[in-house]
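Going by TrEMBL, these are the annotated features:
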{"type": "TRANSMEM", "residues": "12-30", "note": "transmembrane segment"}
{"type": "TRANSMEM", "residues": "91-111", "note": "transmembrane segment"}
{"type": "TRANSMEM", "residues": "123-141", "note": "transmembrane segment"}
{"type": "TRANSMEM", "residues": "153-178", "note": "transmembrane segment"}
{"type": "TRANSMEM", "residues": "190-207", "note": "transmembrane segment"}
{"type": "TRANSMEM", "residues": "243-262", "note": "transmembrane segment"}
{"type": "TRANSMEM", "residues": "320-337", "note": "transmembrane segment"}
{"type": "TRANSMEM", "residues": "349-375", "note": "transmembrane segment"}
{"type": "TRANSMEM", "residues": "387-404", "note": "transmembrane segment"}
{"type": "TRANSMEM", "residues": "416-434", "note": "transmembrane segment"}
{"type": "TRANSMEM", "residues": "454-475", "note": "transmembrane segment"}
{"type": "TRANSMEM", "residues": "859-879", "note": "transmembrane segment"}
């Protein structure tokens with residue numbers, strides 16, 4: 001065994017080191033790619049970055065969902081609890097069935113107990129993807145160098161940057177294809193088995209947490225299977241039997257996760273999966289990225305301020321699932337061009353057809369989506385245009401490896417090289433010329449480092465492509481083997497640079513402030529919080545703190561409907577947070593909370609979290625001036641004042657919204673935190689005046705400074721409003737940001753506010769990243785009607801002492817699968833209202849425990865156990881029906897095959 005592996009040790013070592021080297025700055029801790037840095041909002045801003053692109057990941061789902069909830073899942077496993085249920089997000093929801101939580105992705109999910117565990121898992125997935133692809137390329141008969149190239153390209157493919165939350169599913173595609181190839185070889189020779197990698201890869205693709213990627217990767221596996229089926233002659237049915245058996249066992253092994261997911265999805269809001277994705281496609285402006293991934297700068301970079309100010313089209317990078325690179329496409333075209341005479345022509349043609357149809361679907365060729373949705377079950381529910389790219393990339397990289405392998409011994413003719421060159425010129429012209437205005441405009445507005453990246457990256461891609469094409473055509477004196485190594489080096493360098501570049505877009509490690517978390521752990525109990533920005537969504541669950549914020553898809557339809565009807569009429573259904581897609585004038589969730597605070601308290605919200613510079617959510621505010629035209633700043637030194645008299649129209653606007661004023665907020669600049677002293681405000685409405693002060697030393701730069709006024713001023717019709725702001729003391733000035741009103745008057749940017757009637761909330765905590773307010777009256781997690789004496793020992797256990805029979809209400813989402821035991825006896829859990837749970841209590845003392853297990857769990861686990869036993873039996877049983885012999889390799893025959 002060691003002798004057979006020895007020739008492959010250096011490619012294996014290279015494939016292990018390649019992803020690590022591409023993330024060296026992250027591995028060494030010199031730069032930070034921790035999604036919690038940004039999405040937990042528990043940090044102060046990091047250091048400036050060189051390029052301003054994505055810091056090692058693009059899709060925020062890795063932070064808003066996968067990172068914190070995988071941490072919760074790992075914590076459950078380590079406590080000896082199966083992570084079926086998440087009581088800490090929303091009002092409680094399934095955990096494993098959400099899939100993207102990676103709850104059953106064992107053992108990898110255990111690493112995600114640590115906040116940077118996601119990054120370790122990502123590196124492991126890249127290594128698995130690379131090694132699996134290398135074994136696949138050897139199995140189809142390629143030499144080591146072409147195999148290494150294909151494997152390196154897939155290990156560094158763009159999906160790991162653009163959708164890292166899908167890494168668990170996409171990494172196992174090569175192992176499924178390896179199993180198909182080994183099954184074909186076994187069927188051809190009459191040998192037993194060969195299909196075990198299909199079982200392993202399929203099960204792990206599903207447990208990897210992203211069913212869309214697993215399904216679409218399955219389409220490539222199906223195309224690969226059909227291509228091999230058509231070339232096996234009399235052995236095709238033996239091959240088909242192996243594939244069917246492997247797929248059945250692989251699916252059965254994943255039933256403990258698939259069944260809960262399907263049950264959950266059937267009762268959930270699915271967003272764009274219901275209709276929009278059926279016809280969604282990539283816009284033309286993203287086409288150049290398939291060949292030139294750096295044509296807009298570091299892939300995934302956000303638009304520059306100049307681009308946004310010019311109101312130019314936004315690059316919809318949320319649709320981008322990956323890219324190929326010109327250097328990979330050229331040898332892939334060489335393989336397709338010579339497919340007719342290639343020993344693997346069936347596979348090459350099959351991959352070419354898959355690519356043609358897949359790209360036509362992704363780029364919106366008319367009629368293609370309609371036909372595919374009609375013949376492929378549930379394809380219309382998937383975001384195919386984005387998540388098909390891992391499969392498309394695999395097809396291109398396999399073809400590239402085959403093309404390189406064949407050209408080692410037989411170079412392209414000049415005619416063939418010319419055909420590839422002409423085709424590439426036509427394709428490049430077709431994808432770039434229609435969008436040349438966007439490309440040149442993006443370059444014009446980019447920063448100098450980004451411009452350098454665009455020029456160097458695009459020029460290198462083009463020159464490397466020319467060199468590779470010339471080498472494939474034999475237009476250089478380099479020996480065959482050295483030519484292959486030169487091509488391999490160019491292709492891997494291209495992929496490596498694109499994969500490593502995000503490190504220059506990442507900041508140095510951030511500083512975290514966790515005092516607010518400690519406060520909530522000490523005071524929250526069984527209640528919930530609601531955040532208007534910091535510490536959410538889903539991040540509280542990572543600390544086992546309950547928050548109604550959520551970022552889920554699927555998400556319970558009942559919870560989604562309740563949010564829209566009672567908590568936030570503008571909710572998108574996919575993301576319930578106080579800062580996401582709030583309507584104009586809503587104060588990003590703050591005004592909505594003001595209007596619905598009793599509804600929030602009714603579902604157990606005890607604390608509300610805001611950013612320090614954010615106006616209290618328990619204030620109704622009016623911003624002035626309404627025109628909001630920037631007019632510079634006014635510096636106030638110690639003792640300086642600025643007077644502002646509101647025009648009659650402004651007074652009318654205030655009176656239309658507020659009945660009294662007890663707070664004034666002013667937008668200030670502290671010169672990077674150097675302002676000191678006190679800012680005072682004196683507001684007069686006619687003869688009635690009120691005043692207040694706020695310290696500047698703890699104020700945030702370029703943020704609102706809130707000043708409470710005492711006494712409150714009741715607004716009366718016709719009363720003029722006059723405000724004086726004074727920098728009372730302090731060695732360093734403070735800046736008042738100015739705005740110009742519609743009438744042309746220049747004044748400070750102001751917010752006049754009134755407190756929620758009744759004093760129902762109070763501030764209880766403040767630090768540089770969050771302010772916490774306590775709602776005085778909120779609904780308790782457990783309650784009983786008629787009233788009973790209740791004593792809870794956690795979310796799942798409560799003791800009750802009732803004088804008469806009563807109904808126990810538990811503020812946890814009702815969902816099929818909840819069970820309860822009353823004094824050790826099973827009792828039904830009823831639905832209480834639209835959301836919660838209830839259990840009937842007898843008079844006297846009772847002890848009630850709750851547990852959750854999805855419907856169908858026992859049957860699915862039993863079937864998975866039988867499948868595992870069958871798989872193990874097939875793997876270890878002696879070969880009785882066939883002669884004992886080594887499983888042959890496939891295709892062209894190569895001494896480098898690895899079994």
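Heads up, the Cβ atoms here are built off N, Cα and C, so glycines get one too.
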Comparing 123-141, 153-178, 243-262, 320-337, 859-879 for Cβ pairs under 8 Å with the transmembrane segment (91-111), the winner is 243-262
Tell me whether the transmembrane segment (12-30) sits in contact with the transmembrane segment (349-375), defined here as at least 3 Cβ pairs under 8 Å among residues 6 or more apart in sequence. no
Check the transmembrane segment (387-404) against the transmembrane segment (320-337) for contact, please; criterion is three or more CB pairs under 8 Å, pairs 6 or more apart in sequence. yes
In the same chain, who gets a Cβ under 8 Å from the transmembrane segment (859-879) while lying at least 6 residues past its ends? 192-193, 196, 199, 245, 248-249, 252-256, 258-259
When counting Cβ pairs under 8 Å to the transmembrane segment (454-475), the leader among 123-141, 153-178, 320-337: 320-337
Out of 123-141, 153-178, 320-337, which stretch touches the transmembrane segment (190-207) the most, going by CB pairs under 8 Å? 153-178
Near the transmembrane segment (320-337) in space but 6 or more residues beyond its ends, with Cβ under 8 Å, are 153, 157-159, 162-163, 282, 286, 289-293, 299-300, 348, 352, 385-390, 392-393, 396-397, 399-404, 406-407, 412, 416, 419-420, 423-424, 461-462, 464-465, 468-469, 472, 487, 490-491, 494-495, 498
